[in-house]
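Colleague: Have a look at this one.
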Amino acid sequence: MQVLPPGSTGGPSRLFILRPVATTLLMAAILLAGIIGYRFLPVAALPEVDYPTIQVVTLYPGASPDVMTSAVTAPLERQFGQMSGLKQMSSQSSGGASVVTLQFQLTLPLDVAEQEVQAAINAATNLLPSDLPNPPIYSKVNPADPPIMTLAVTSNAMPMTQVEDMVETRVAQKISQVSGVGLVTLAGGQRPAVRVKLNAQAVAALGLTSETVRTAITGANVNSAKGSLDGPERAVTLSANDQMQSADEYRRLIIAYQNGAPVRLGDVATVEQGAENSWLGAWANQAPAIVMNVQRQPGANIIATADSIRQMLPQLTESLPKSVKVTVLSDRTTNIRASVRDTQFELMLAIALVVMIIYLFLRNIPATIIPGVAVPLSLIGTFAVMVFLDFSINNLTLMALTIATGFVVDDAIVVIENISRYIEKGEKPLAAALKGAGEIGFTIISLTFSLIAVLIPLLFMGDIVGRLFREFAVTLAVAILISAVVSLTLTPMMCARMLSQQSLRKQNRFSRACERMFDRVIASYGRGLAKVLNHPWLTLSVAFATLLLSVMLWIVIPKGFFPVQDNGIIQGTLQAPQSSSYASMAQRQRQVAERILQDPAVQSLTTFVGVDGANPTLNSARLQINLKPLDARDDRVQQVISRLQTAVATIPGVALYLQPTQDLTIDTQVSRTQYQFTLQATTLDALSHWVPKLQNALQSLPQLSEVSSDWQDRGLAAWVNVDRDSASRLGISMADVDNALYNAFGQRLISTIYTQANQYRVVLEHNTASTPGLAALETIRLTSRDGGTVPLSAIARIEQRFAPLSINHLDQFPVTTFSFNVPEGYSLGDAVQAILDTEKTLALPADITTQFQGSTLAFQAALGSTVWLIVAAVVAMYIVLGVLYESFIHPITILSTLPTAGVGALLALIIAGSELDIIAIIGIILLIGIVKKNAIMMIDFALAAEREQGMSPRDAIFQACLLRFRPILMTTLAALLGALPLMLSTGVGAELRRPLGIAMVGGLLVSQVLTLFTTPVIYLLFDRLSLYVKSRFPRHKEEA
């Protein structure tokens, strides 16, 4: 595209100035498209950047962590490891549960990943234990992603088993069908079952064994095909009373005969209706409850999903008895909506402040209306493009539009100011519009494309950070582009019809006072600039010192990854001694819950104890603390966490780890604290040697707090050491021993009761109430070759040992995850460096590897690419400016203003006590685009004066600085006030917005002062350099 030079009559704006109706209709079309687009845009907390993640859960009640690892997890991992597109595979194998989490590359569609996972499970089926109660179940959900909604179902009249049955069949299934729902889990799921508790003494007295009982039950309760009779006239279906449905029927079941008399199950066992797993429990505000956690699919629209669930709830609750109460304990969308509302308010406030600044400078209602129309038009038109690109209304896109407020008004200000200058000189409005727009058209194009060039590197950022800021960068670029179009079309057309000498000269007392103030400021600036031009080397020294100071501040400033948000929900892990039982954990959680609910900021609490897909070991409990709305509590979430941990610290035998939930979830497992670091080895023995050493070293670091690990190798285990020779002589196999132990202590699911709506289990176990602990093993009896029974103690010796409570793998190798927080006064960058230094000090062997995980790993990657990102932005700007100016020298002059922005931004962050995180870095990159606009406006007019008026470079730059001082000040203040609401934000999600505002306001304040003086000096320096090069190399005809 050939750009018309300054001074032409109208340039690209001529057609639009002369055709006001067409221009008006074109702008109306943009406005209408934007309004329609806004109605179709979904609302979210952040852009969708989730990794495709699938969780595979396999439950095998009674199996030890060793058995789960070797028999279940390892076969699955071998198949999963062959899948293409797999980024990371982690697993947890604990008592009775195996959880494998598969994280795929961002580019792999979730549906494709799902198909590969299903195929891998099918391939591993033959390698899994034949008596698994259920096959592996996969869910399209990230287990570390907090639930979008938590519901508690309670009843003061019904047992939890009946409540759970109704919730599972009437509520959970329906919610699972909602589009966007990835998984509905029932914490504390007390599924109904018939529990058979054998009396070991009674069984032994009759010469029976638990295996005899199990065989009798499984043979008496079947549900299989029986065929049909097909006669000449009628067909008859065969059925029988082969199913037993109630505990009473099982109680009357004959399991053997003694001396001709029947022995019924009720004679040797307590048979009752109970729960399938008696070691699971959940509480809502200390009341027993079934807690429903609803998690979304990766990439699903969280707002739409939550709205669909809420619309469905009234109908679902009507199907439940009156005594059953369903309560929404938490809804993440409440805070998301509040955060978006606050950001929308800050956007409107930014628009109002920008318009106010325009009026302050122009002091003219018609001249203020013109940019007052251009700004919302540019922003609203952006919504149409956002819909086309499948974007959403989220915190980042709204932040982009808020920042764009200061950007988009710049173009209108530059056009209006230039046209007004000619009208004030006596030219007709139409002629002034043609001349002023033509003169400034090239400047607008330069400003626009050089600013968009700054955003280009953001589009090429890799991994999740790049995905996160793609919507931000594109939204801002589109708003700037539409603004340029509006400023070259609608703005000059409105100036030609709304501005006049009378309106511009019409002044009141306030206008005259402002004019005198601006005249004095410009005069003072002119005197200061003359002195600076007379002492160029001093000014250059200041510019060089600014560059050095920028580098120094960059090195020393604390660095972080992503601001910690206050979303009103706290996730917690309660840790107890490794040998803790379910009963002791239930008691501990009651004590902890009582302390937590006493805090004035807490609204509700859910706790869960037991082993399932979310909680790996019995000595840990999961908590979710829901806080009151931000405006209803005095403290932020970190203060509440500190207070809760202090309150619980006096309870003996527990450690409470708390962290606020975040909108951005990168981890694949629920951790105790915010940051993770892994230690991986080829064997468990190697891990057991190095874990204590590394943990002790990390705990001694002042840069880390709350250091813990998931390494638990001190769980109590009873080792049954069988004398194989003695067992063989008696005709007892190891399978017989395993079956006897499993029957007694594994809550073994031995049979299934089928109904029209659901299936229920028959659970076999020993009644250990009279013989607790290891003494229960002495009651185990086995059938010998001659049909008699033999006590287990006759062929085995019982030893008490320590064993792992869980075995964790990362990409099929044993791993331990260290969790830590960063104490006040230190940054994540400090903690990462301290860990790396500690690793070097310990001199780990080659077969031991370490790696950061989750947000810490993303922080490392982002930190390594940040400098290159800024360099890429500068290079992109240089290329664009070089093309526009057809010069190698002038772009360097423009870019020389950038260090001043860096100094201001970094100083502001340090003074405000903020870290240099990803949000602040984006602010610095945007500053690069804003600050150079000052230089562009100066240099454009200086070059035009040299070319058209024959002025010397010094006179030309001096005149350009004075002429462009007012629009430079206006545009800078507009950008500053566009960012000011973000800096001062205090509502929901303010932690996310504030670093961007602080960086931009600080950078603009410092750069505005310095660039007004350094740019003309550097311009003259490079002009002399250009003349020197031409004199030394006269054959080179390139224009510098």
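Don't overthink the numbers, they just go from 1 along the chain as shown.
Every residue gets a Cβ built from N, Cα and C, even glycine.
Just so it is clear, the model here is predicted, and its values are computed rather than measured.
For 25-45, 347-367, 369-389, 396-416, 440-460, 472-492, 537-557, 863-883, 888-908, 910-930, 968-988, 998-1018, the entry in Swiss-Prot reads transmembrane segment.
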Colleague: Considering pairs 6 or more residues apart, do the transmembrane segment (440-460) and the transmembrane segment (863-883) have at least three CB pairs under 8 Å?
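Modeller: Answer yes: the transmembrane segment (440-460) meets the transmembrane segment (863-883) with 3 or more Cβ pairs below 8 Å.
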Colleague: Under a criterion of three or more Cβ pairs within a distance under 8 Å and sequence separation of at least 6, are the transmembrane segment (369-389) and the transmembrane segment (472-492) in contact?
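Modeller: Between the transmembrane segment (472-492) and the transmembrane segment (369-389), which are separate recorded stretches, there is contact, as judged by 3 or more close Cβ pairs.
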Colleague: Count the CB pairs under 8 A between the transmembrane segment (968-988) and each of 347-367, 396-416, 472-492, 537-557, 998-1018, then give me the winner.
Modeller: 396-416
Colleague: State, in range form, which of 396-416, 472-492, 537-557, 910-930, 998-1018 has the highest count of Cβ pairs under 8 Å to the transmembrane segment (347-367).
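Modeller: Going through each listed stretch, the top one turns out to be 396-416.
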Colleague: Count the CB pairs under 8 A between the transmembrane segment (396-416) and each of 472-492, 537-557, 998-1018, then give me the winner.
Modeller: 472-492
